[in-house]
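*Asks:* According to Swiss-Prot, the record shows the following:
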ACT_SITE  H9  active site, tele-phosphohistidine intermediate
ACT_SITE  E82  active site, proton donor/acceptor
BINDING   8-15, 21-22, R58, R60, 82-85, 151-152  substrate binding site
SITE      H150  site 'Transition state stabilizer'
Amino acid sequence: MLQVYLVRHGETLWNAARRIQGQSDSALTEKGEQQAYQVGQRVRDLGITHVIASDLGRTRRTAEIIADACGCSVVLDPRLRELNMGVLEQRKLDSLSAEEESWRKALVDGTENGRIPQGESMSEMAQRMRQALDACLSLPENSRPLIVSHGMALGVLVSTILGLPANAERRLRLRNCSISRVDHQQSPWLASGWVVETAGDVSHLEDTALDELQR
């Protein structure tokens with residue numbers, strides 16, 4: 001049975017400022033770097049063989065810290081990027097006009113073909129995220145990969161594995177540097193294919209998560 005660990009990147013400057021990141025980028029905060037270090041300490045004895053990350057800076061840096069603890073190198077995969085938020089990227093949430101907020105709401109509420117202008121739909125992201133996960137099936141036998149990606153991207157992946165619509169990710173809290181795990185199994189009794197073992201574990205993190213403070 002293949003086990004794949006899923007980690008959201010550490011806290012960023014734009015997370016703290018409540019600014020829309022999408023496929024734009026901002027650096028990890030000092031707290032974000034510490035969160036990544038705590039993930040590394042949690043997983044270093046789990047036999048991680050591969051660290052695979054979105055090629056955006058915040059995931060790349062998170063992955064580097066974790067990979068150092070595990071004695072692995074980092075492989076970048078652009079399919080693991082966050083949702084392309086189009087013309088709303090880099091904007092603060094409280095600066096959106098009523099029309100712009102309607103675009104965002106249609107997208108995250110699962111309106112059919114909902115997307116932000118110049119952006120990406122949830123279903124398009126779900127497709128590329130599943131492709132990136134399925135690529136782990138081609139790794140050598142006894143591999144144990146760890147993927148570093150983004151909040152919405154990982155939420156969509158976990159939701160669709162469970163047979164839920166992509167926009168169900170809004171009901172799944174994956175905090176910065178949370179750890180999830182999905183397994184690929186073949187079973188005559190249980191569901192075959194990808195199954196969710198855990199989602200959103202933050203027991204390794206020492207401080208209160210930013211989104212808890214901002215609720």
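Just so you know, glycine gets a Cβ as well, placed from its N, Cα and C.
Let's see these features in context: how buried, what's close, how far.
*Replies:* In the three-state DSSP reading, H9 (active site, tele-phosphohistidine intermediate) counts as coil.
For E82 (active site, proton donor/acceptor), other Cβ atoms within 10 Å of its Cβ number 25. Secondary structure at E82 (active site, proton donor/acceptor), as computed by DSSP, is coil.
Cβ neighbours of G22 (substrate binding site) (same chain, under 8 Å, six or more residues apart in sequence): E82, L83, N84, M85, G86, L88, E89, G119.
For H150 (site 'Transition state stabilizer'), the Cβ neighbour count at a 10 Å cut-off comes to 24, with all displayed protein chains included.
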*Asks:* If you count the other Cβ atoms within 10 Å of each Cβ, which of the recorded positions R8, H9, E11, W14, M85 comes out on top?
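*Replies:* The residue with the most neighbouring Cβ atoms within 10 Å is H9.
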